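Each remark here refers to the structure printed beneath this line.
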């Protein structure tokens, strides 16, 4: 049995009225639902693709204006924290949109991870629909109030030691750290990376790990522990 969509309830939650309600219905239609009900003309996948770009643009613009002195690297990593699946899941929860998702009975959403993915995709699809129907302005008006305030965003930048080190060297020395990765093997012979971090040509820290990303974090953490008295 196909389900009906309470368009007015969703529009009330979004504070946006669709000129073309079919866009909203498409945004709510999970691919698994269309598989069970072929009469559903289109599923949400294309709108998800568009909505992902809309979300990224709005969040990028918001951070750009909110933090005028922030460099590109920190802007990028902070944006990533605000547009990932977990963040989008939280935004969907805030708007209570999940209950409107049209999803097939056979689709597994028992796991928390499955629910996060489905709800994140739903948010992106709805943003894509809003953008097509009304442009960027209403999409912005939906997204920005969902974002953390400035004081809550700041810690997101500093969770990663690489971000903290970059902020520290820029503030104190007006330079960026550089990383050099070398092949490395652990005691059991597993391949990995030996990463060195340099500031002004001086070696500040080293890290050893199975992945280059983790080795860079460890090197940055060591650099902070020896050069930043606040850490």
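Cβ coordinates come from backbone N, Cα and C, glycine included.
48 is the only one of 42, 45, 48 that Swiss-Prot places in the Mg(2+) site (with 121, 124).
Cα of residue 121 (Mg(2+) binding site) to Cα of residue 52 (active site): a distance of 9 Å. Around the Cβ of residue 48 (Mg(2+) binding site), 20 further Cβ atoms fall within 10 Å across all displayed protein chains. On the backbone, the CA of residue 48 (Mg(2+) binding site) and the CA of residue 124 (active site) stand 5 Å apart. A distance of 5 Å separates the Cα atom of residue 124 (active site) from that of residue 52 (active site).
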